[in-house]
Amino acid sequence: MERPAPLAVLPFSDPAHALSLLRGLSQLRAERKFLDVTLEAAGGRDFPAHRAVLAAASPYFRAMFAGQLRESRAERVRLHGVPPDMLQLLLDFSYTGRVAVSGDNAEPLLRAADLLQFPAVKEACGAFLQQQLDLANCLDMQDFAEAFSCSGLASAAQRFILRHVGELGAEQLERLPLARLLRYLRDDGLCVPKEEAAYQLALRWVRADPPRRAAHWPQLLEAVRLPFVRRFYLLAHVEAEPLVARCPPCLRLLREARDFQAARYDRHDRGPCPRMRPRPSTGLAEILVLVGGCDQDCDELVTVDCYNPQTGQWRYLAEFPDHLGGGYSIVALGNDIYVTGGSDGSRLYDCVWRYNSSVNEWTEVAPMLKAREYHSSSVLNGLLYVVAADSTERYDHATDSWEALQPMTYPMDNCSTTACRGRLYAIGSLAGKETMVIQCYDPDTDLWSMVNCGQLPPWSFAPKTVTLNGLMYFVRDDSAEVDVYNPTKDEWDKIPSMNQVHVGGSLAALGGKLYVSGGYDNTFELSDVVEAYDPETRAWSVVGRLPEPTFWHGSVSIFRQFMPQTPAGGRGFELNSGSSDVDAGHHRLPQNPEELQ
């Protein structure tokens, strides 16, 4: 039998070598052999050691011994402010890789590890202290963590405080520095059962020292999400508060909140604003609502589904009570949804249905002045506009009445509409022609005019249109391309294409993003994909799936009550009768801001 040829190279490694080396160095230290430096801790206690071991274990000692300072050659180095027992632990760690962190040594050991640059020991101390957080020490622990740049511990302390803010004592909260209180109020994770509690927290802090703190009240009130404070509380308490009544910036915030609750504030036509985002602990969430459409078999649907992007959950809402037919239009006005017109194939509808999200039911409201189908609807300044080729009318939900307006100057077929910067825009092809145009309606003059915005993109027919952050987005129905128009600058742009086409899909703005759902994809298969576009990252991502593949459905966003998202072990901030105008015994949350009456 032929012997195998000998190997030219035999790779070898000993997995126990590192541990054996550490043991050998530790033994040399115990036997006091080859020691070449002595560290003197606070109090004069000496610790002989090996320079090479210290330099390998700590960037602090590496810089000390490798540089040109006197300590690089000195046989004795004095370490000011390092307790001897902490230096002992760090030296033992250098030679063994082990350290025992306890309640007695965690804080001083973290200080010493931070000073002498032992990051692993510092991290271990921080992890130990995270487990020791409680109501008595959480505020001080956050101060300590931030002072020593211990980010993990600082974040854990903040989460604990936000989660247990309702259990902290009044004295603890009132002694907070302004910057810290603002940080808590601005955080989505502040655990309050309703926004009035956040308002009371800010007010209590100011009232603890009015002469010094009153000047900070506008800044604090801006951090409170006033649009989600109940309407009666806004009128009875916020508006009546002298700190608000005497402050123009505060009155502007109050007016913004009241406009929001009266559906006069279009949050999609503004830039991102934290005040328009409810806190998860209150149970309110901005949701995507899908109405009607057709399924795989082209059967008409009367289902109404809602999607919570925070949890990824779908829920059923009250079904549409009548035959939807086709050619209807869907729009959200405040937190209610309106379905206008349509037909059954032989008869046009003038009926208007309203979905009241606070009670989860559909009711019929005043009919349109004219029956119509394949029209478009939008909301501008709290009023509902319906636009068709030959007529325009406007609905006032406060009076439940319709008003005829000037029709478009140039009739358009199957137009789409959106409100932007105080104007109503209609996009479509001129009646009987293939020419695509944009017309604009001015509510102050009741006049339509042609928009001269240069060469339009090559649309085959009217794209789906929505306004987000003051920009108009146009999603093509026959391709994945998306165009953007800035009416203020009169500029066109193109954003990255969608992941797929959505022929017959639906478009809505929600939470500062665009949501496109359903329709037929690139392979002509009916799709259940929901994808979202984030303007900050300029990227599309698939965020969910429809309950079933659907097309020709409508989608809008509203705020509605979901289960409060309170972290485990947390309790919402509650106001007791001794320090609040709110009845702490009644914490039923409103279904939406319009219930705040």
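From the backbone N, Cα and C atoms, a Cβ is placed for every residue, glycine too.
What Swiss-Prot annotates here:
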- 35-103: domain 'BTB' (DOMAIN)
- 138-239: domain 'BACK' (DOMAIN)
- 287-335: repeat 'Kelch 1' (REPEAT)
- 336-382: repeat 'Kelch 2' (REPEAT)
- 384-422: repeat 'Kelch 3' (REPEAT)
- 423-470: repeat 'Kelch 4' (REPEAT)
- 472-512: repeat 'Kelch 5' (REPEAT)
- 513-560: repeat 'Kelch 6' (REPEAT)
- 570-597: region 'Disordered' (REGION)
Confidence summary (mean pLDDT) of the repeat 'Kelch 3' (384-422): 95
Chain residues in Cβ proximity to the repeat 'Kelch 3' (384-422) (below 8 Å; excluding those fewer than six residues from its ends, i.e. six or more beyond): 263, 266, 269, 329, 331, 333-334, 336, 338, 340-341, 352, 354, 365-370, 372, 374-378, 428-432, 437, 439, 441, 443, 446-450, 461-467, 470-472, 487-488
Outside the repeat 'Kelch 5' (472-512), six or more residues from its ends: residues with CB under 8 Å to it: 268, 272, 277, 286-288, 290, 293, 309, 418, 420-421, 423, 425, 427, 451, 453-454, 457, 459-461, 463-466, 518-522, 527, 529, 531-536, 538-542, 551-557
Number of helical, extended and coil residues in the repeat 'Kelch 4' (423-470), per DSSP: 0 helix, 24 strand, 24 coil
